[in-house]
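What follows is a set of notes on a single structure, which appears directly below.
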């Protein structure tokens with residue numbers, strides 16, 4: 001794993017909680033405001049966070065505060081991709097690293113060596129792992145770390161537990 005790291009779970013949890021609390025309401029023609037009026041209810045966007053990974057593609061986020069006692073339209077968080085350089089071969093697969101982090105934690109009273117289960121069509125951003133040499137498959141976390149690929153053959157990545165199409169800036 002030399003030469004590649006990811007942000008702490010606390011940083012990612014904070015971003016996830018903020019995203020869950022983001023407010024987005026549809027406009028009706030009666031209450032539609034000009035772009036200028038709508039933006040004046042928000043503070044300026046903050047600086048970009050540290051990237052969730054140093055290589056292999058990660059995510060960074062920026063926050064803004066609603067300055068109004070009324071509800072602000074739009075989101076208070078935005079994302080962009082970062083660290084889009086390949087990881088060194090010895091770094092290994094990012095999802096596999098997350099599974100192996102559970103090797104020293106007992107599961108149902110036993111230690112297992114956990115291997116990644118990839119390409120789950122129902123929930124590609126959960127951390128599902130299989131015990132080596134057993135048919136046991138377990139969801140060890142509801143969300144993989146930001147920057148984990150949704151599918152092995154895709155550049156799309158998981159951000160805050162959701163599979164996002166990889167592009168320069170995420171919504």
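Placed from the backbone N, Cα and C atoms, the Cβ positions cover glycine too.
Database features (TrEMBL):
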SIGNAL    1-22  signal peptide
DISULFID  51-82  disulfide bond
DISULFID  55-87  disulfide bond
DISULFID  66-72  disulfide bond
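Feature annotations (TrEMBL) mapped to structure.
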residue	record	Cβ neighbours (10 Å)
51	disulfide bond	22
55	disulfide bond	19
66	disulfide bond	15
72	disulfide bond	21
82	disulfide bond	18
87	disulfide bond	19
Which of the disulfide-bonded residues 55, 82, 87 has its Cα closest in space to the Cα of residue 66 (disulfide bond)? 82
